[in-house]
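Novice: The structure that follows is given in the form of structure tokens.
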Amino acid sequence: MLEENRMVSVNIKIWKFFAIIYPTSDKLWRLYSIQFVTILLNFMQFMFLFEMWGNLAPFILNVFYVSATFDCLLRTGVIVYNRSKFEAFLAEFDSMYSEIEENGDDYAKGKLKEATEFCRKFSLFNVLASFLDLIGTMSHPILTGTRTHPFGVALPGIDSAVSPYYEIYFILQLHCPITLSVLYMPFVSIFVTFSSFGKTALQILQHRLKDIFEIYDDDETRLEALKECAHYYNRLTRFIKVFDEMVTYVILGEFLLFGAIICSLLFCINIIDTMAQFVSIIMYVGTMLYVLFACYYSANEMLEESLKVSEAAYSIPWYEGTPQFRKTLLLFIQRTQKPLCLTVGNVYPMTLLIFQSLLNMSYSYFTMLRGLNIQ
């Protein structure tokens with residue numbers, strides 16, 4: 001059962017409770033209700049942006065929340081739209097995980113346990129940190145005594161700062177800490193979890209390759225062990241490809257959107273006049289950098305481990321093998337020359353170099369806007 005798999009149990013339980021995956025007829029209302037209130041919130045946020053047009057500082061500050069809420073809807077929509085494919089992917093993950101747990105050697109089990117504990121702690125931290133961050137955002141108007149909303153919201157023809165509309169809007173936003181936490185952060189955690197599992201599986205594969213001549217004595221069993229490694233690599237290739245197909249365009253959207261928002265928020269530092277706004281900008285930028293770095297770092301780690309597979313295969317004392325073994329090994333090395341990676345819009349591999357390019361691009365546009373503002 002996936003709920004008992006410690007590597008993904010935190011996120012699976014959340015998504016299953018809200019009927020995002022494995023829905024049942026008695027739980028679908030949870031999905032519809034959580035999506036409805038999030039869509040309504042996002043619509044009201046867009047209305048607020050229209051009202052703030054021309055007032056640059058509050059406009060830019062609220063763009064972050066608008067885009068974050070929209071990103072929640074996008075992420076959830078991708079999972080729901082590809083639900084059957086995603087559930088089949090989860091079943092394959094659970095099967096591969098169980099095989100390592102039951103049939104792996106001490107090295108494989110140790111690596112899997114290490115990755116499991118990291119992913120579990122990472123998932124718990126993300127949900128808790130996101131929830132507390134949103135609680136802080138919701139509490140800010142109360143603590144400061146200002147009649148502002150945690151998230152900028154508006155409806156045409158209604159003054160949201162006067163009673164009773166202010167109180168009604170505030171009550172409508174009380175769901176946000178739970179809604180946005182369960183829609184946004186579990187996607188990040190699942191992304192890092194599957195990337196970490198891919199990295200771990202590739203490390204185990206390297207270990208198996210290096211042990212072929214140490215464990216097996218006869219040529220026939222060595223050849224069979226090499227073929228099993230090749231089949232396992234093909235299985236990993238399909239696993240990573242399916243995962244990439246489900247997330248690549250979400251990653252592309254965030255690459256473009258977050259790059260522009262980081263640039264805008266940095267520019268906003270030059271025009272704000274309160275410490276509260278400065279602190280908010282630092283928190284927003286830090287949150288986006290954390291999310292982006294976590295995804296790109298885990299994807300980069302998996303890519304680097306895939307490059308080491310061909311090196312591990314070449315390090316085998318192939319000269320002691322039979323002609324058939326050497327021929328199979330050569331084909332395997334050729335097959336593993338192309339790294340297994342997640343991509344940004346099926347174009348660029350997700351690496352730390354691409355992440356650095358995103359930061360460079362954001363900073364370049366920031367300096368350009370800052371220069372224009374000074375002039």
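A Cβ is built for glycine as well, from the same backbone N, Cα and C atoms used for every other residue.
TrEMBL lists these features:
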TRANSMEM  31-50  transmembrane segment
TRANSMEM  56-74  transmembrane segment
TRANSMEM  122-143  transmembrane segment
TRANSMEM  168-194  transmembrane segment
TRANSMEM  246-272  transmembrane segment
TRANSMEM  278-299  transmembrane segment
TRANSMEM  340-359  transmembrane segment
Novice: Quick check for me: are there 3+ Cβ pairs below 8 Å between the transmembrane segment (56-74) and the transmembrane segment (122-143), leaving out pairs under 6 residues apart?
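Specialist: Contact criterion not met.
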Novice: What residues elsewhere in the chain lie close to the transmembrane segment (340-359), defined as a C-beta under 8 angstroms and at least 6 residues from its ends?
Specialist: 195, 198, 202, 236-237, 240, 243-244, 247-249, 251-252, 255, 258-259, 262, 292-293, 295-297, 299-300, 302-303, 306
